[in-house]
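Engineer: This is the feature table in Swiss-Prot:
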TRANSMEM  9-29  transmembrane segment
TRANSMEM  49-69  transmembrane segment
TRANSMEM  101-121  transmembrane segment
TRANSMEM  137-157  transmembrane segment
TRANSMEM  165-185  transmembrane segment
TRANSMEM  212-232  transmembrane segment
TRANSMEM  247-267  transmembrane segment
TRANSMEM  276-296  transmembrane segment
TRANSMEM  337-357  transmembrane segment
TRANSMEM  363-383  transmembrane segment
TRANSMEM  397-417  transmembrane segment
TRANSMEM  419-439  transmembrane segment
């Protein structure tokens, strides 16, 4: 067992390097340049270079190494991480009011991720392409078109899956990080005094010397840790130890060496501020480095796209987004999915961003507000989990929370002031997603409440039907029921209009549990309610896909035999109308109706054969 673990650990660690660290690993392309480019009033002078390097180093240590890898990754749901997972964990042992607050915070954090995911591919690929400004200045007008071409190809291949090319991600990213380290060492050797910036006093002196202006500089320094949420979100794919091992052995040393190498170059040649990353390389290596940087940024973009697919699936399964088509691109790996609607909406948004902002420096102002906002929420949710779930001492938890927020809040506020210069973009995108998620959840709850208002008792109705049965026809009928104790509307309408009932009636409820996976032993519960009525409850985790055929197989094991092609499936199809509401709630109702019209039908969700499906229309006022 241990030898197998030892053999697999290097492979899993290498895979983590290829997926988890793509975003944070491409930050050296633009971070130091943005810190010292002049927009904050800092010249390329020794004290500012030393100050920024010290800030970057200690952010990597305190935020990534300490906060996320040491503390936040302790909070897992059956091994899974991510902001929505943290939200669900935080709400388990709290009051209803507190749970509502935590849910809103979690949804805001998830919405911030949607805002960030539009910027990451754009700024990463454009930064790589901007190597042309150094390698071939005459071609700088092609940076935007080439960036769009590269990302177009990336979004096109999503539907085919990335399983085959994904095997190349880890080796390419390992080469990338080793290259970062080698380039950094090359710069440090030329000017080793730059290593003095490891001393945190340079960061302290930076704040003392520049006073209020240094606060705004945090808006640029945070670029060094964008992508930090991926460490936690991808925990379920690779495990805690491989992610930590990859960080401390490869990623952190490479990043620190490269940042300090760029700093050494700037101390020696302030003119290199134009693009210190590419100017760190010898002339003969510029084109190969640009190709490698492009590959690394494409991989970083792929990791972000995969992340938004996973987050969307989780939100759909937890009821915060409408059902949509989810394609599994791998028979072996459940995490490899493709969501066409999200893919193409994201592509259109990324292209618009590239065309509108034209240069990665313009996009840098938009980057950061979503990241730091999520960091603040993560700190609060984590400390809530520590107190409520793990029973930590409240005072120690408060001390930890204050310590985390002392770092998170100033960085968030420093990015808030950039709203007019681009920070509005992720905020606007995040707000749209927040409105969609809260609208779908609340209006869906309102709809279900209206559907269940008839108040008829299921047990009483079954007893009545058994005592005075209507005309019974041969076969099995399955009625989908959202609640276990409520009569399905399709059953009521079938009796009302057709006045018949099948010989066997199965009331099927599909549940999504607050866990990524459900044990097979708990998958299906079968309960016989009467000689001809059965209740079947199928439980799935949010990372799993409901499968009616699998449910039938497990029903057979429990003594209830159902054949897919010999069963009639009854569903209700709601036609929505908006009742009397204030104007703002009418707008929300119209948004819900639009989302409902475009949502994936339940029959398609469960892959029910069309010739076995009977839909009964009902009109519902919401």
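Each Cβ is built from the backbone N, Cα and C atoms, and glycine gets one as well.
On a predicted model such as this, the values are computed, not experimentally measured, just so you know.
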Engineer: Are the transmembrane segment (397-417) and the transmembrane segment (337-357) close enough that 3 or more Cβ pairs fall under 8 Å, when only pairs 6 or more apart in sequence count?
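Structural biologist: In this chain the transmembrane segment (337-357) does not contact the transmembrane segment (397-417) - fewer than 3 Cβ pairs sit under 8 Å.
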Engineer: If you count every Cβ pair below 8 Å, which range out of 9-29, 49-69, 212-232, 276-296, 397-417 shares the most with the transmembrane segment (101-121)?
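Structural biologist: Between the stretches 9-29, 49-69, 212-232, 276-296, 397-417, 212-232 has the largest tally.
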Engineer: If you count Cβ pairs under 8 Å, which stretch among 9-29, 165-185, 212-232, 247-267 touches the transmembrane segment (363-383) the most?
Structural biologist: 212-232
Engineer: Hey, does the transmembrane segment (9-29) touch the transmembrane segment (397-417), meaning at least 3 C-beta pairs closer than 8 angstroms, sequence gap 6 or more?
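Structural biologist: Between the transmembrane segment (9-29) and the transmembrane segment (397-417), which are separate recorded stretches, there is no contact, as judged by 3 or more close Cβ pairs.
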Engineer: Under 8 Å between C-beta atoms and at least six residues away from its ends: which parts of the chain pack against the transmembrane segment (247-267)?
Structural biologist: 13, 17, 21, 24-25, 27-28, 31-32, 36, 44, 46, 49-50, 52-53, 56-57, 60, 64-65, 69, 174, 177-178, 180-181, 183-188, 190-195, 197, 224, 231, 273, 276-277, 279-280
Engineer: List, by number or range, the same-chain residues at least 6 past the transmembrane segment (49-69) whose CB is under 8 A from its CB atoms?
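Structural biologist: Those are 24, 31-32, 35-36, 42, 194, 196-203, 205-206, 209-210, 214, 217-218, 221-222, 224-225, 228, 231-232, 243-244, 247-248, 252, 255-256, 259-260, 263, 266-267, 375, 379, 404, 407, in sequence order.
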